[in-house]
Amino acid sequence: MKRVQTAEEREREAKKLRLLEELEDTWLPYLTPKDDEFYQQWQLKYPKLVFREAGSIPEELHKEVPEAFLTLHKHGCLFRDLVRIQGKDVLTPVSRILIGDPGCTYKYLNTRLFTVPWPVKGCTINYTEAEIAAACQTFLKLNDYLQVETIQALEELAIKEKANEDAVPLCMAEFPRAGVGPSCDDEVDLKSRAAYNVTLLNFMDPQKMPYLKEEPYFGMGKMAVSWHHDENLVDRSAVAVYSYSCEGSEDESDDESSFEGRDPDTWHVGFKISWDIETPGLTIPLHQGDCYFMLDDLNATHQHCVLAGSQPRFSSTHRVAECSTGTLDYILQRCQLALQNVLNDSDNGDVSLKSFEPAVLKQGEEIHNEVEFEWLRQFWFQGNRYKICTDWWCEPMTQLEGLWKKMESVTNAVLREVKREGLSVEQRSEILSAVLIPLTMRQNLRKEWHARCQARVVRTLPAQQKPDCRPYWEKDDPSMPLPFDLTDVVSEIRSQLLEARS
């Protein structure tokens, strides 16, 4: 079943088409550090972009972070994600792993990634390898460092804005360390905007990706990651990126004078103002250990892309993920809320309910959908990848599946109730109306997820990475109160509703 684009997606696609039509066969201008106007343009149009050259970052991190990248790569911990774009399942050219606070998730391109936890106090984490544990510890250490640097950068930005000064590109060599500190309230706000709770690690070897797309607006060359805003972040929160390309230092050079535009052998990050065809874009070369920071609302007002070089590259992208609906604690609380309506359980799995109030039933069925499609199916669609690093998610997923199964019994109890003799026509109609939409959505989404697990691209994946259509059961499974395919159930509800209203 083809997913219908959201209004936001349709608007974004329309903007892109209009922009390409305006360009016709011309390229928009962009600047590199060799251009005279580069730093002036950065000063005027990109003042919330902060860059740190590798030489300004502690040598200890430059030793430990690359080792951690290579360790995770050696153990096969990074995976290309199977994402849905415009109704089509495609593998991302970039391999990824999410590391962060235990129980956190991060969603991008309608795909929920689950953290491999970094080692925090009070949480027991069983890693499959001591090397993987050490790597996760390293990224927590990097996270702490980048957090401190981000707060410092935000403080300096606030001082400049308050003084109404012209902002300048904040390269580490000239980065000011003095100044009047912020107020207590401001300090709390700055800390919250740098409270990185996850890092999304990326890896790509361009030699193995010969079909990379060309950058469409400026002619910047091959893109590893297309123009985008980072999704699912706390409003106005910062993003910090540590870049590590695998070439030796002797191969790196800041001399790009022989190239028109950017050096295609060197990785770059590109920036542009969203949907602006007047302001030149920027491309900044990325060498081993360089970092950059997107502060305040830069991620909302500007777009960025990653332009491929010739050598493999890792990056660690630290974010303040918007987790109000994306933590294990959250979804467990939601399950508890839905199951508060259960009066008692019988030995055969049937349940009786406290209330058949339409609002209570509707809420319960919506939570049922949430745990099934935002958690269980998202997790198992990614195969067994998480077990390569840790068993941390095994017990929570078993727990969620048990709670979800009880919700299946709740739905069955509702469907039994509408067939009960003595129920008034009005009550029957209200109950049916309350559950029809969530059950119709459940049926449609089950079809979609089942079809995605059978997609052609899935056949190319190794066994451990193949999507698992879970939960799934056959029609005559005695342990399940309702069928997997709800076509007949939904059809009967519609018929009953028409009958009740006639």
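These residue numbers are counts, starting from 1, taken along the chain as shown.
Keep in mind that glycine also has a Cβ here, set from the backbone N, Cα and C atoms.
The annotation region 'Fe2OG dioxygenase domain' is assigned in Swiss-Prot to 32-324.
Look at Swiss-Prot and you will find ARG96, TYR108, HIS228, HIS229, ASP230, GLU231 tagged as substrate binding site, backed by similarity to another entry. In three-state terms derived from DSSP, HIS228 (substrate binding site) belongs to an extended strand segment. Sequence-distant contacts of HIS228 (substrate binding site), defined by Cβ-Cβ distance under 8 angstroms and a gap of at least six in the same chain, are GLN303, HIS304, CYS305.
Among the features that Swiss-Prot reports, 2-oxoglutarate binding site is placed at ASN202, TYR292, ARG313, PHE314, SER315, THR317, ARG319, with the record citing similarity to another entry. Of all Cβ atoms in the shown protein chains, 25 besides its own fall within 10 Å of the Cβ of ARG319 (2-oxoglutarate binding site).
For 210-221, the entry in Swiss-Prot reads region 'Loop L1'. Long-range contacts of the region 'Loop L1' (210-221) within the same chain: residues 19-20, 23, 27-30, 93, 227, 261-262, 264, 268, 270, 272, 281, 283, 305, 307-308, each at least 6 residues beyond the stretch ends and with a Cβ under 8 Å from a Cβ of the stretch.
Annotated N6-acetyllysine per Swiss-Prot: LYS213, in sequence order. Around LYS213 (N6-acetyllysine), the same-chain residues at least 6 positions away in sequence with a Cβ under 8 Å from its Cβ are LYS222, MET223, SER226. Secondary structure at LYS213 (N6-acetyllysine), taken from DSSP and collapsed to helix, strand or coil, is coil.
For HIS228, ASP230, HIS304, the entry in Swiss-Prot reads Fe cation binding site, with the evidence type similarity to another entry.
Taking each of the binding-site residues TYR292, PHE314 in turn and counting other Cβ atoms within 10 Å of its Cβ gives the largest count for PHE314. Fewest other C-beta atoms within 10 Å: among the binding-site residues SER315, THR317, that description fits THR317. Here the binding-site residues are ASP230, GLU231, and the one whose Cβ sees the fewest other Cβ atoms within 10 Å is GLU231. Measuring Cα to Cα from ARG96 (substrate binding site), the binding-site residues that fall within 10 Å are ASN202, out of ASN202, TYR292, ARG313, ARG319. Of the recorded residues, SER315 (2-oxoglutarate binding site) and ASP230 (substrate binding site) place their C-alpha atoms 15 Å from one another.
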